[in-house]
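A short write-up of the structure that comes next.
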Amino acid sequence: MSIVMQLQDVAESTRLGPLSGEVRAGEILHLVGPNGAGKSTLLARMAGMTSGKGSIQFAGQPLEAWSATKLALHRAYLSQQQTPPFATPVWHYLTLHQHDKTRTELLNDVAGALALDDKLGRSTNQLSGGEWQRVRLAAVVLQITPQANPAGQLLLLDEPMNSLDVAQQSALDKILSALCQQGLAIVMSSHDLNHTLRHAHRAWLLKGGKMLASGRREEVLTPPNLAQAYGMNFRRLDIEGHRMLISTI
């Protein structure tokens, strides 16, 4: 798989790094680790929202060389939960994120996949937390999906499963898997280790802004690595063909 993004000695004051790594096309990479590990700081840096020490190459060019307009065409970024920036119908908010605004059928498909069909006419400031999270997810998917944006390469998601129930999480997993199969690189932070063990191709395990381990999910999410990151013991079980992590007292 081709390299979409290359990080070299990336650091930000005392919150992050230095750390190095690469993001590959057609893969789902999970950032895992305890609160304060640096996951959100790293995602914001990868999105081009902040600057600091070290270098990031995106699609073969320095990240800082990309204009905001061009960057928005090639990568999409979902920050942690935020309130609606203004009151507008959901359908209009989603349309604002589409590069091809004539693709109404795609908007309806993505909205339907995230169970937003009956929310399209509602104002964004009248949504519950979970509904607003799904609207935000639909927006970044519409922005970057190769179906309507051939230039789309990278999707960055900061705790996308927040406020989603089990069915909604499953629906999002299906969407992300389809985007991955179309060649998109996906990087997301997660607090659910078993979700990472099942759905990620690779993982970066962070603690205190440092990279403790990186590689294939089963190589990173080992009981010794997790004990070092979280300060507690873990066991890895095989249940009906599925690997599962549990903490032990």
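Glycine residues also receive a Cβ, built from the backbone N, Cα and C atoms like all the rest.
According to Swiss-Prot, the features are:
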{"type": "DOMAIN", "residues": "1-233", "note": "domain 'ABC transporter'"}
{"type": "BINDING", "residues": "Gly33, Pro34, Asn35, Gly36, Ala37, Gly38, Lys39, Ser40", "note": "ATP binding site"}
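In sequence order, Lys39, Leu205, Leu206, Lys207, Leu212, Ala229 constitute the residues six or more apart from Gly33 (ATP binding site) in its chain with CB-CB distances below 8 Å. Looking just at the domain 'ABC transporter' (1-233), the mean pLDDT is 96.
Ranking the binding-site residues Pro34, Gly36, Gly38 by C-beta neighbours within 10 Å puts Gly38 at the top. Neighbour counts were taken as the number of other C-beta atoms within 10 angstroms of each residue's C-beta; across the binding-site residues Asn35, Ser40, the minimum falls on Asn35.
For the recorded ATP site, residues Gly33, Pro34, Asn35, Gly36, Ala37, Gly38, Lys39, Ser40 set the reference point as the centre of their Cβ atoms, and the other residues of that chain within 8 Å of it by Cβ are Ser189, Leu206, Lys207. With a 10 A radius on its CB, Ala37 (ATP binding site) counts 25 other CB atoms from all the protein chains. According to its DSSP assignment, Ala37 (ATP binding site) is coil.
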